[in-house]
Every structure is written in structure tokens, then in C-alpha cells.
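Before any comments, here is the structure.
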Amino acid sequence: MIIVTGGAGFIGSNIVKALNDKGITDILVVDNLKEGTKFVNLVDLNIADYMDKEDFLIQIMSGEELGDIEAVFHEGACSSTTEWDGKYMMDNNYQYSKELLHYCLEREIPFLYASSAATYGGRTSDFIESREYEKPLNVYGYSKFLFDEYVRQILPEANSQIVGFRYFNVYGPREGHKGSMASVAFHLNTQLNNGESPKLFEGSENFKRDFVYVGDVADVNLWFLESGKSGIFNLGTGRAESFQAVADATLAYHKKGSIEYIPFPDKLKGRYQAFTQADLTNLRNAGYDKPFKTVAEGVTEYMAWLNRDA
């Protein structure tokens, strides 16, 4: 059995899909479906069982055996960069992750987990997986950074696989439940389909991010499980492309609309990553050599998925 925490969420459900595509269906999804809309991410997928996150954590902390576990993909976390409840964030992202990590270490179960480019904070260059480059801007980034630091202490003595992925700006299918935290491509598509002018912040041609397609993210996760390699790795494309490029690809697909530029909100000033670009040196040195989709390629594929029933 393979466990996917956050399996009804954005990246987790795409990992479930990638496993299904390889014929793997013996999957336990762990999630919190209090926000009931997330179930739609699983309706076209095949899993063996579902467990609520709280029940799962109780079993993990009690040391209860959950059966023959091949691997754990730990994608479950609070991923809101605008959540400022530090206790909630540390309990949810740090303590929970530590409990699950030790459960896996004691049983030599491969543990693949979601870290984040938010660990780098407001850098404009050198997004490198090393302490001197890490300075998170928000409590979400700090919770991810602290767990990475914890993993670094354990890695030299670990007898089983531990691998963390610093996700950059992931976009693609199955993110609709994220609301305001969904990608720009998702929001632009919604605005166009509602007959509105798609909106970007003023200066969006200067805001550049490493936008990585979620299908590529799932592929990297599965490749590492097969390779057995450990470490903490950036997971982006290695390219910085502008929000304007995302909009251009969206408009090109729809063949209509023009962008309305809106003022940059004061509340985001100083807390907003204006530039991200993954350094892929370590990922490539680990042996992962597949190409990553460009914004034009990924957004086009995503638009086709979003509008498949249109």
C-alpha cells in the first residue's frame, strides 16, 4: 500500500493520478474533507481506502500498524502563505510531519514530502538548497524551513529514503478548491469564462516566477521513489517566466479577451516573492534528466483540461 497524505488536495491528487497511470490503485488517501469540495479531485481516481487526517495522526502517534506500507507521499499541510496563526501552522506542518517521519524511519518506509520555495523568502537569485540561502518571509515558509532543517540532522543516519521537494509555483489540474490560493492561470480562465476582463497586477511583466506544471511535479515524485535517492531538492523548471506570459498563453488558448491591470495591493508589499527560479543543479545531479514544460506548453494543456466540458 502507498499512503498519500493531502491526497484529495492539489499535488496529492495528481500523485494519486500518476500512480493510477502506472496501474497502482492500492492507495490510502489521508485528508481532511471538512471543505467538502475537495472530493471532486478523487472522483475519477481509484484508491483502496480513505482516512481522516486526525484519525490517521492518532494511529501514527500510537504506533499502530497500518499494514504493509511501500511508501508515504506526505503532501498534507496548510499551504496558505497568508495564514498567520503560527501555532496552527507549526502543529499542522511541523509537528505532524515529524511524527510521520519517525513512524516511517522506524519501519524503513520511504518518506517523500512537500517542502516549498517559500523557504527562500524574498531572494532574487541563488535559490539553492543550502542554509545560507534560506530566509522565509512568512510563517508557512518558516514551518517548511524548520522541517527541512530537522530532516538535514537525520539524513546522515537514516536507513531508509527521505526526500523533500521544494515546490516552486505549481499550477495545473485539480487546484480549483484552493480558492484565492489557486494559480493565476486558474483565475484568468475563470474570469474569461465569466465574461470578465482577466486581471493582473500592474507591472506583471516584471514579476517572474518559476511556474512548474503539476504533471511534471508528480513525475519527479514517482521517479525519486523508484530511484531510492534521498535529499532535499528544488522542484521547478529552472526558468523564470512572467505572469504576463501566463496571461498571454491563457488568452492565446481562448482566442479572446484583453488584460485589465489593477494596482498592487499594499498588504502584499514586502511579503511577496517578485522573482523565483529554481537552481536544478542538485536535481539533475541526482539523475533526473527529463525536461519540464514551459509556461506556454503547460498553460495550454491546463486550459484544455479546465475547459474539457465546455
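Residue numbers in this text run from 1 along the chain shown.
Each Cβ is built from the backbone N, Cα and C atoms, and glycine gets one as well.
According to Swiss-Prot, the NADP(+) binding site annotation covers 10-11, 31-32, Lys38, Lys53, 75-79, Asn92, Lys144, Val170, Lys178. Taken from Swiss-Prot, the feature active site, proton acceptor covers Tyr140, Lys178. Among the features that Swiss-Prot reports, substrate binding site is placed at Asn169, Ser180, His187, Phe201, Glu202, Gly203, Ser204, Arg209, Tyr272.
Annotated features taken from Swiss-Prot, shown on the structure.
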residue	record	DSSP class
Phe10	NADP(+) binding site	helix
Asp31	NADP(+) binding site	strand
Glu75	NADP(+) binding site	coil
Lys144	NADP(+) binding site	helix
Asn169	substrate binding site	strand
Lys178	NADP(+) binding site	helix
His187	substrate binding site	helix
Glu202	substrate binding site	coil
Tyr272	substrate binding site	coil
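The maximal spread of the substrate binding site, taken as the longest Cα to Cα distance among Asn169, Ser180, His187, Phe201, Glu202, Gly203, Ser204, Arg209, Tyr272, is 20 Å.
Ranked by how many other Cβ atoms sit within 10 Å of their Cβ, the recorded positions Tyr140, Tyr272 place Tyr272 at the bottom. Between the candidate binding-site residues, Lys144, His187, the densest Cβ environment within 10 Å is the one around Lys144. For Lys38 (NADP(+) binding site), the nearest of the binding-site residues by C-alpha distance turns out to be His187; the candidates were Asn169, His187, Glu202, Ser204, Tyr272. In the three-state DSSP reading, Lys38 (NADP(+) binding site) counts as helix. Looking only at the binding-site residues Asp31, Glu75, Glu202, the densest Cβ neighbourhood within 10 Å occurs at Glu75. Around the Cβ of Phe10 (NADP(+) binding site), a 10 Å sphere holds 25 further Cβ atoms from the protein chains shown.
Taking Glu75, Tyr140, Lys144 as the recorded positions under consideration, the smallest Cα distance to Glu202 (substrate binding site) is found for Tyr140. Around Lys178 (NADP(+) binding site), a 10 Å sphere centred on its CB holds 17 further CB atoms from the protein chains shown. Between the CA atoms of Lys178 (NADP(+) binding site) and Asn169 (substrate binding site) there is a gap of 14 Å.
Here the Cα atom of Tyr140 (active site, proton acceptor) is found 10 Å from that of Ala77 (NADP(+) binding site). Ser204 (substrate binding site): 20 other CB atoms within 10 A of its CB, across all protein chains. Here the CA atom of Ser204 (substrate binding site) lies 25 Å from the CA atom of Phe10 (NADP(+) binding site). Taking every protein chain shown into account, Lys38, Ala77, Asn169 are the binding-site residues, and of these the Cβ with the most other Cβ atoms within 10 Å belongs to Ala77. Cα separation, Ser204 (substrate binding site) to Ala77 (NADP(+) binding site), rounded: 29 Å.
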